[in-house]
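As structure tokens, the structure follows; a few thoughts come after it.
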Amino acid sequence: MALELKNLSRDAENPLEAIQSENRAPQELAVVDGSTPRARQVSSVKDLAVDDADGPIVSELPRLSFVNNVVQPTRSQLIKKRIHFAAFCWGHFMLGWNDGSAGPLLPRIQEVYQISFVVASLIFVCTCIGFLIGALSNVYLSEKMKFGKGGLAPLVAYVIQAPALPFPVFILSFALSGGGVALQHAQANGYVATLDHDPSTRLSIFHAAYGLGAFTAPLVATQFAQMRRWSFHYLVSLGVGGINLVLMVLVFKLRSKDECRKEIGLEPTEKGTSDRSAFRQIFALKSVHTMAAFTFMYVGTEVTLGGWIVTYIIQRRGGGPDSGYISSGFFGGLMLGRILLLPLNKLLGLRRVVMLYGVLSIGLEFIIWFTPSLIGNGIAVSITGMLLGPVYPLAISLAGSVIPKWLLTGSIGWIAGFGQAGGAALPFVTGAIADGVGIGSLQPLLVAMMCVMIGLWVLIPKSRRAD
């Protein structure tokens with residue numbers, strides 16, 4: 001059976017579909033003296049580039065590579081895949097920058113606006129509201145929303161924050177930035193988690209970019225916190241967000257996820273057969289709720305520690321203005337842990353290794369709690385960051401094995417967005433409690449959060465639900 005030239009012309013841009021639709025090995029097409037094209041079975045696609053004795057091969061047929069009967073992406077597609085990944089890594093750098101900025105600036109914000117711990121914590125409440133709205137919206141929009149549109153909201157928020165407007169306006173801008181960041185964060189996690197058969201390594205590198213942003217931000221914010229124009233830190237944030245928006249538009253060109261997957265030689269996302277809406281299917285899965293609760297506690301613990309540790313060190317350990325670098329040490333450890341601990345993750349398996357990291361982190365929190373040493377606390381905080389670092393990417397990787405493929409993007413969007421809401425809600429609760437009993441309550445609260453986090457990890461199902 002021969003493939004017609006018109007079919008070849010039509011499918012030249014997508015040879016994978018042309019070959020798979022015929023359900024047979026690739027064939028070569030030859031034209032002899034203007035006669036009707038004919039097809040002949042060949043052993044390798046590379047043979048298609050060699051002139052046949054009967055006549056010249058059709059030159060338009062693209063060269064393909066097969067491994068175990070699976071078409072491999074072309075060099076161009078691999079390069080585009082790396083560019084997509086790099087663009088999302090910068091977006092995650094921006095998210096880390098956003099979270100890492102709060103810790104060193106909180107004491108200055110309290111001083112400038114003359115507000116208590118609980119009022120200052122309203123920053124986290126507004127961020128939480130934005131993240132929840134973004135996460136819920138993503139469940140509806142995960143298959144429809146074009147990449148890049150979420151990057152505009154943080155820019156508007158940074159413009160509002162830079163002139164240090166009255167406090168009600170200042171804190172409301174965090175809801176705007178939270179919503180936009182949540183949408184992009186959800187899209188990025190869902191996309192990166194489906195780029196490879198085993199996404200754990202790529203996800204670890206991807207989330208290390210978050211750690212890099214969260215490590216860099218306190219270094220800059222600590223300097224601005226000591227200046228009269230402290231709020232100009234958000235002008236730097238505006239530059240980071242502007243680069244993110246430009247990258248999203250140039251790389252993804254406001255296209256959908258499936259359109260971007262096609263560009264790098266991947267099949268469209270698997271579709272389900274259920275008559276129920278994706279929203280109802282996702283929220284019917286126990287695994288989604290358990291993992292969302294886990295990420296809520298994890299991100300909440302991470303941001304609470306990174307956000308309030310500077311205030312704790314200043315008030316309980318007598319730290320000076322440079323105590324903001326402690327926050328950088330925590331997020332720097334977070335970044336390094338996501339890269340350096342990859343071999344241990346593979347050796348022990350993700351379920352066991354997360355338990356180990358959780359238990360060791362609790363031990364380090366007791367050291368910080370009961371050891372009144374500025375240097376010792378700083379070292380322990382950095383090591384805690386290194387141990388907590390791999391947990392989040394491992395959790396997102398686990399989602400791919402317990403959630404149906406056709407619901408994975410929307411589910412990861414909700415899990416990631418709800419986790420970011422935890423990164424706003426738990427720091428607020430911590431601030432409210434500290435307002436009543438003092439910042440010394442930080443360490444027992446962190447220990448309790450980590451215990452709950454480990455308990456939720458144990459409850460995550462081990463098998464995928466069929467529907």
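Cβ coordinates come from backbone N, Cα and C, glycine included.
Copied over from TrEMBL, here are the features:
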TRANSMEM  115-136  transmembrane segment
TRANSMEM  156-183  transmembrane segment
TRANSMEM  204-225  transmembrane segment
TRANSMEM  231-252  transmembrane segment
TRANSMEM  290-313  transmembrane segment
TRANSMEM  325-342  transmembrane segment
TRANSMEM  354-372  transmembrane segment
TRANSMEM  378-399  transmembrane segment
TRANSMEM  406-429  transmembrane segment
TRANSMEM  441-460  transmembrane segment
Next on the checklist: Quick check: do the transmembrane segment (290-313) and the transmembrane segment (441-460) share at least 3 Cβ pairs under 8 Å, counting only pairs 6+ apart in sequence?
Outcome noted: yes
Checklist outcome for this item: Note: vs the transmembrane segment (204-225), the recorded stretch with the largest number of Cβ pairs under 8 Å from 115-136, 156-183, 354-372, 378-399, 406-429 is 378-399
Checklist entry - the transmembrane segment (115-136) and the transmembrane segment (156-183): do they have three or more Cβ pairs under 8 Å, with pairs 6 or more apart in sequence? => result yes
Next on the checklist: Six or more residues beyond either end and a Cβ under 8 Å away: which residues meet both conditions relative to the transmembrane segment (378-399)?
Outcome noted: 189, 193, 198-200, 203-204, 206-208, 211, 287, 291, 294-295, 298-299, 301-302, 305-306, 309, 313, 326, 329-338, 340-342, 345, 350-351, 353-354, 357-358, 360-361, 364-365, 367-368, 371, 408, 411-412, 415-416, 419, 457, 460
Next on the checklist: At a Cβ cut-off of 8 Å, and with pairs 6 or more apart in sequence only, do we get at least 3 pairs between the transmembrane segment (441-460) and the transmembrane segment (354-372), yes or no?
Outcome noted: yes
Checklist entry - Any residues 6+ beyond the ends of the transmembrane segment (325-342) with a Cβ under 8 Å from its own? => result 96, 100, 103-104, 201, 204-205, 207-208, 210-212, 214-219, 222, 302, 305-307, 309-310, 313, 319, 353, 377-378, 381-390, 393
